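To start, the structure under review is shown below, and the notes come after it.
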Amino acid sequence: MKRTVDDVVDKLDGTKKPVFLTKEERQKLALQRRHEEVAHQKRHSELLLQENARTSRRCGSAPGRRNWPRGSGRLSSLLLKNSIGSKKPKKRVIKPSEKFRFSFDWENTEDTSRDMNSLYQNPHEARLLFGRGFRAGMDRREQKKLDAKNEKDIRDEIRKKDGTEETREEADAQKKKEQAADMYDTFDMRVDRHWSEKKLEEMTERDWRIFREDFNISYKGSRIPRPMRSWVESKLSTELLKAVERAGYKTPSPIQMAAIPLGLQQRDVIGIAETGSGKTVAFVLPMLTYITRLPPVSEDNEAEGPYTVVMAPTRELAQQIEDETVKFAHYLGIKVVSIVGGQSIEEQGFRIRQGCEVVIATPGRLLDCLERRYAVLNQCNYVVLDEADRMIDMGFEPQVVGVLDAMPSSNMKPENEDEELDDKKIYRTTYMFSATMPPAVERLARKYLRNPVVVNIGTAGKATDLITQHVVMTKENDKMDRLRRLLDELGDKTAIVFVNTKKVADTVAKNLEKDGYRVTTLHGGKSQNQREISLEGFRTKRYTVLVATDVAGRGIDIPDVAHVINYDMPGNIEAYTHRIGRTGRAGKTGIASTFLTLHDTDVFYDLKQMLIQSNSPVPPELARHEASKFKPGSVPDRPPRRNDTVFAH
């Protein structure tokens, strides 16, 4: 006997026990529920339509979509979205840096870093009861001041509780105690004070080390004297100190601090310093001090020649050294003579024979005078080689050697540095200054200098940090337009434009003169008189642009040169260093711009390294170029030969 659906439902309602249905019975139940839902939905829809019809008849309009109730419109929109689909909102991709970033989303009331409790606001650390009572790694003076303050606060609090006041005797005793503590601090070498706050006798070894680090001074040698901190602490004569003050030198430069004490001891010195650092004064003042110890030049000894010789690579630098020397020698009654090319050698020889203490010369002209017997160096025991590397580069090594060999050799210092010197004997003193130290200069120093002290200021061959370097990759045809734009930005300021040849110098100057710039030129094709006129006009700002070859690249000290422009890149990095060194002198800032073309690949590597070391921008074209990745002449690393494929025939 088969059971109907109703029987099953009745049984389900009548009993609490679970009844297990077959699959067919479950399908029938589901179908029945679906029929009931559909019938209910139809009845609901008919009721809505009837109500809508009654509403439209009352309003006098035909039923339409606009007059449907709100519920039906919402239903239709939902059905439409369900049928055609809706736009799903895109999820915003959160970066890991934002996702894990710490969010400061607390309130001020949650801040526990500030404690309102007075005990925690004013903590008092108990003094240590072992050792010396101080904590290591903390300032002793601060610890002592804090202890004294806490002790005073405790005494005041006790007096306040007892109702007593501080007596006069107690106040005097406390004052004496504070004075004694200050006196102890003054002479306590463990208390750290800066070297600038100390007197000379208070300086410790640590202070001198910090002093040398502050001014980037480094030495190489033995028995090195302390550098001088100021002109007052130097051992220069009163006349020279007055001359320094009149010249306007307020504080010595690092090379002067290091080299002058060495020169006063007549030590052989090799000075390596960046351009524009005051090297001239560093050897002129010790040289004049040496001359003042000797008998004055008179008719008895004037035929023996000068006491000192200074050699420079160019006429302009020699005349500049002469001007600087005369500035100080004027107050000591010392006579200075310059011997350079472009002037009558007979007249120069006559001036030497009249007697002088100092001769400033170029190596070629000085050797010419010696060979023609216009001059002798029989009593010359003090020689200065300024810009020694430049003299070697210009091919003056034979002339320099010839002049040094013409000096007396019997009074050379002993090679053994431990051997004592005879105080009554005058030994030869040799000063050598250079911005770089190539092998040829080192060879010269080994032969003629005895146990020299090498003074290094900064890094050898490095441009000063006061110069801002800009390198522009360009084509040869675009150089002139770029030059005009740079000069227009300067206004009334002065600029030096460096080129490689005399022909290019004249061409550039002519083009700029046509454009209305005040231009002058300086190169080897001009006479000495024309050179002096050009330099003087540029110094007095009658001309604002100086177009020059490497003749002006070394030693020419023209104040306030705002911009150096390398119209042509020089053939080596040393020449580049000294060209841009014409600006940024004497502590002032300057700008150096360089036009670089693909014809200058030989210096790409060195120039790139120099720009990187000075934190200057490197043009992308220069950084990517193959020539900037390897030194000139070096072969880049090739893969090992074992990786090569060998084909057999």
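Please read every residue number as a count from 1 along the shown chain.
Placed from the backbone N, Cα and C atoms, the Cβ positions cover glycine too.
Just so you know, TrEMBL annotations are computer predictions that nobody has curated.
Here the structure is a predicted model, which means the values were calculated and not measured.
In terms of DSSP helix, strand and coil, the compositional bias 'Basic and acidic residues' (34-46) has 13 helix, 0 strand, 0 coil. According to TrEMBL, the feature compositional bias 'Basic and acidic residues' maps to 34-46 (among others).
Residues annotated as compositional bias 'Basic and acidic residues' in TrEMBL: 638-649 (among others).
Sequence-distant contacts of the domain 'DEAD-box RNA helicase Q' (229-257), counting only residues of its own chain at least 6 positions beyond either end whose CB sits under 8 Å from a CB of the stretch, comprise 195, 200, 211, 215-217, 264, 271, 273, 277-279, 281-282, 285, 288-289, 292, 327-328, 330-332, 455, 457. The domain 'DEAD-box RNA helicase Q' annotation in TrEMBL covers 229-257.
According to TrEMBL, the feature domain 'Helicase ATP-binding' maps to 260-455.
The domain 'Helicase C-terminal' annotation in TrEMBL covers 482-626.
The annotation region 'Disordered' is assigned in TrEMBL to 34-74 (among others).
Counting residues of the region 'Disordered' (140-179) by DSSP class, helix then strand then coil, yields 35 helix, 0 strand, 5 coil. Summarising the annotation, TrEMBL assigns region 'Disordered' to 140-179 (among others).
Feature annotation from TrEMBL assigns region 'Disordered' to 617-649 (among others).
Per DSSP, the motif 'Q motif' (229-257) is made up of 14 helix, 0 strand, 15 coil. Feature annotation from TrEMBL assigns motif 'Q motif' to 229-257.
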